[in-house]
Amino acid sequence: MKMLVFPVLAALFAVGLGNLVGAPRDINISEAQDALDFAVAKHNSGTNDMFLRQVAEVVRVQRQVVSGNKYIITVKMAKTPCRKDRVVNEVCEIHKDPALAQPYECTFSVWSRPWIPDLQLVGEKC
């Protein structure tokens, strides 16, 4: 009987833990807004398009604890009518017409170390 109880209890304990320690966990976008803003700015500076892209929809936001925080953010991006070389404090809304907006999905990975005021874009897949 004892030999049967231990494996059953161990299995129940493992199922109850859910996510592994150190695995990415879903979080609210408000916890990763700075990381998302940073990633979008880097994305825009790295494209050859003359128009800015903005976030049309947040699909998923996760945080993984890795010598700081790694934010894994999946968003739908779309084109705005604002030119990159003319934007100062202009509000740039996404084109309403999907043919002009040309939406696409990106996953950004941003590494943050709160004790150092430094963000790094460590992954971008669009």
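Along the chain as shown, the residues are counted starting at 1.
Backbone N, Cα and C atoms are what each Cβ position is placed from, and that goes for glycine too.
Sequence annotations record features per position, and here Swiss-Prot assigns domain 'Cystatin' to 22-115. Residue counts for the domain 'Cystatin' (22-115) under DSSP (helix as H, G, I; strand as E, B; rest coil) come to 20 helix, 41 strand, 33 coil.
Counting every protein chain shown, 9 other Cβ atoms lie within 10 Å of the Cβ of Gly22 (site 'Reactive site'). Feature annotation from Swiss-Prot assigns site 'Reactive site' to Gly22.
For the motif 'Secondary area of contact' (64-68), the residues of the chain that approach it from at least six positions outside its boundaries are 22-25, 111-114, judged by C-beta separation under 8 angstroms. For 64-68, the entry in Swiss-Prot reads motif 'Secondary area of contact'.
Sequence annotations record features per position, and here Swiss-Prot assigns disulfide bond to Cys82-Cys92 (among others) based on similarity to another entry. Shown in sequence order, Phe51, Leu52, Glu90, Cys92 are the residues of the chain, 6+ apart in sequence, with a C-beta less than 8 angstroms from the C-beta of Cys82 (disulfide bond).
Feature annotation from Swiss-Prot assigns disulfide bond to Cys106-Cys126 (among others). Taking a C-beta cut-off of under 8 Å and a sequence gap of six or more, Cys106 (disulfide bond) has these contacts in its own chain: His43, Thr74, Val75, Lys76, Met77, Glu124, Lys125, Cys126.
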Let me know how many other Cβ atoms fall within 10 Å of the Cβ of Cys92 (disulfide bond). 15
Could you pull the average pLDDT for the domain 'Cystatin' (22-115)? 95
